[in-house]
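J.: Please see the structure below; I have some questions.
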Number of protein chains: 2
Amino acid sequence: MKLKLKTVFVLYFMVSLLGLIYALMQLGKWSAQSGRGKLEVTKQPQKQPAKPSLSTIFVITPTYARLVQKAELTRLAQTFLHVPHLHWIVVEDSPHKTPLVTDLLLKSGLTYTHLHIPTAMDRKLQEGDPSWLKPRGVEQRNEGLRWLREDRRAQPGGDDQQGVVYFADDDNTYSLQLFEEMRSTQRVSVWPVGLVGGMKYERPVVEGGKVVRFHTGWRPSRPFPMDMAGFAVSLKLVLSNPEACFDGEAPMGFLESSFLQGLVTMEELEPKADNCSKVLVWHTRTEKPKMKREEALQAQGLGSDPAVEV
Amino acid sequence: MKLKLKTVFVLYFMVSLLGLIYALMQLGKWSAQSGRGKLEVTKQPQKQPAKPSLSTIFVITPTYARLVQKAELTRLAQTFLHVPHLHWIVVEDSPHKTPLVTDLLLKSGLTYTHLHIPTAMDRKLQEGDPSWLKPRGVEQRNEGLRWLREDRRAQPGGDDQQGVVYFADDDNTYSLQLFEEMRSTQRVSVWPVGLVGGMKYERPVVEGGKVVRFHTGWRPSRPFPMDMAGFAVSLKLVLSNPEACFDGEAPMGFLESSFLQGLVTMEELEPKADNCSKVLVWHTRTEKPKMKREEALQAQGLGSDPAVEV
């Protein structure tokens, strides 16, 4: 009886010890899980659970002060806020960062970099010039590229970093699907652009999965007769071609070609948006608002308060 | 020794039993917590945890077929997707629902109602008419109001329902803050509108928390010299005034007044946006795209594929 009781006691002790160890292990797991759960909840403002495998899309947006600037940047920021892993590089055509853009970016909820560089006087469009006379945003896009190369060099991975670079002007309209299409860019991906070049759309024409020519209303013989909104470039390609940039002296309509022709051939272009059959971005332009009544009231000292930001 | 061992055994048994019970209770708690965690994660597409106390904002948007329609509705939907408890009432100026709008709404991720009503021929703007000649969207806004009254009547609460009604044209630009400002509307709330009426902004002038006059460049003597984008009305007021609607025959600039003057007095207006000192909505207008090259190519049988939706 003595021995039996001792055996039972020892067995019971060992079993309960195992149970205790198991319970402690479970406890460890649970608290780790509950920690993870909390992390996901605080990430809700980003709308998506973190997917570390997603390439970051670096969007370079040149912008300049004008009456509709805040409105345009406001709705563009709202679009980008839906896109996970997007880094907005905003480059002002200005000798300094303006309070309007600084404040807007600060409140945007986006990951961003704020840069500025003024366009050289002789390259700037003058009041009354037709908008096609000189390309706008050249120095600003190049400044965006310069920053990106410098910043990425400082990151681990050197030239071999996942990422996509897209040039998004502040007046166009972008569907959310566009960003998912461009995210898998290997070298240069392409797609149609709506309402551009006096056409319903311009697009690369795809046969057998390859771009064979371009549907455009003007000089289809240009190396890359595409709008700025119609392509994205992989970060790797941008980093491994440190000299590639936009040539402000390129003839009209050749700005996109001046950047792309050293990077890729037509055959290498990667068609997106269902073989370039879907329009996912539109070259919308916002009217310049008339200020006739404002000027009349200002002449009477009754104009709008300049302290109110519009 | 016999007794001692037995006592130890019994004590040990009781202590470990208590431990087991405690462990089982904790297990129950944890699994409940982890279940809650999962629920929150699946609600992420809605961006906000449900706040049942938030008033629903019913946004009535008249729209009509044109080249930039899909672009405009695309970016507007992206704005609204950030706003919790928003119900979009889209009313097409058309004898039937178009596939373009039907499909866009279906894919929008928004709570919406899709309506249509064609503008009577004699009230319709003709090609080449200046846009101010006849007000656009009158029948469509009234159809939105009609639907809203009919639908809400069928809900519990009758005329006493929380909610806000806002008329949002498809070309304007709306900050997200605007919707939080209007959500607390008791009767009629008001705020500035940027880039409207030939002015930097138009706005109600507030003194001592009350609207005392209006800053506008044209006929400030109108009952409510405000743009459609500059006010919101409580659902209760819309339901308890079943006859209130927009008068398409009202003289130019009196459309907003024709709706508001039976509902509210100037003294009753609720100023929002920091006593009407902040511009949170802009009357942007999108340029009509030129189709010169499209027409030239079409004449050669080389036009854009009409099957591609733009």
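The backbone N, Cα and C atoms fix where each Cβ goes, glycine too.
Got these off TrEMBL a minute ago, pasting:
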- B:Glu256: active site, proton donor/acceptor (ACT_SITE)
- B:Pro62, B:Thr63, B:Tyr64, B:Asp93, B:Arg136, B:Arg141, B:Asp169, B:Asp170, B:Asp171, B:His283, B:Thr284, B:Arg285: UDP-alpha-D-glucuronate binding site (BINDING)
- B:Asp171: Mn(2+) binding site (BINDING)
- B:290-310: region 'Disordered' (REGION)
- B:Glu202: site 'Interaction with galactose moiety of substrate glycoprotein' (SITE)
- B:7-25: transmembrane segment (TRANSMEM)
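I would like each feature placed in context: is it buried or exposed, what are its neighbours, and how far apart are things?
T.: In three-state terms derived from DSSP, B:Glu256 (active site, proton donor/acceptor) belongs to a helical segment.
For B:Asp171 (UDP-alpha-D-glucuronate binding site), the number of other Cβ atoms no farther than 10 Å from its own Cβ, over all displayed protein chains, is 20.
Outside the region 'Disordered' (B:290-310) by six or more residues, the chain places 67, 70, 100 with a CB less than 8 A from a CB of the stretch.
Counting every protein chain shown, the number of other Cβ atoms lying within 10 Å of the Cβ of B:Glu202 (site 'Interaction with galactose moiety of substrate glycoprotein') is 27.
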J.: Helix, strand or coil by DSSP: which one applies to B:Asp171 (UDP-alpha-D-glucuronate binding site)?
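T.: DSSP assigns B:Asp171 (UDP-alpha-D-glucuronate binding site) to coil.
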J.: Using Cβ atoms only, which of the binding-site residues B:Pro62, B:Arg136, B:Asp169, B:Thr284 are under 8 Å from chain A?
T.: B:Thr284
J.: Can you give the largest Cα to Cα distance in Å, as a whole number, for the residues B:Pro62, B:Thr63, B:Tyr64, B:Asp93, B:Arg136, B:Arg141, B:Asp169, B:Asp170, B:Asp171, B:His283, B:Thr284, B:Arg285 that bind UDP-alpha-D-glucuronate in the record?
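T.: Binding-site diameter by Cα atoms for UDP-alpha-D-glucuronate: 20 Å.
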J.: Distance between B:Thr284 (UDP-alpha-D-glucuronate binding site) and B:Glu202 (site 'Interaction with galactose moiety of substrate glycoprotein') at the Cα atoms, whole Å?
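T.: Cα-Cα, rounded: 14 Å.
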J.: Select one residue from B:Arg136, B:Asp169, B:Thr284: among these binding-site residues, choose the one with the most other Cβ atoms within 10 Å of its Cβ.
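T.: Buried the deepest by this measure is B:Thr284.
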J.: Give the distance between the Cα atoms of B:Tyr64 (UDP-alpha-D-glucuronate binding site) and B:Glu256 (active site, proton donor/acceptor), rounded to the nearest whole Å.
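T.: On Cα coordinates alone, these residues lie 20 Å apart.
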J.: For B:Pro62 (UDP-alpha-D-glucuronate binding site), which residues of its chain lie six or more apart in sequence with Cβ-Cβ distance below 8 Å?
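T.: Sequence-distant Cβ neighbours: B:Val91, B:Asp93, B:Arg136, B:Gly137, B:Gln140, B:Arg141, B:Gly144, B:Asp169, B:Asp170.
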J.: What Cα-Cα separation, expressed in whole Å, is found between B:Glu202 (site 'Interaction with galactose moiety of substrate glycoprotein') and B:Glu256 (active site, proton donor/acceptor)?
T.: 14
J.: What's the most sparsely packed of the recorded positions B:Tyr64, B:Glu256, counting other C-beta atoms within 10 A?
T.: B:Tyr64
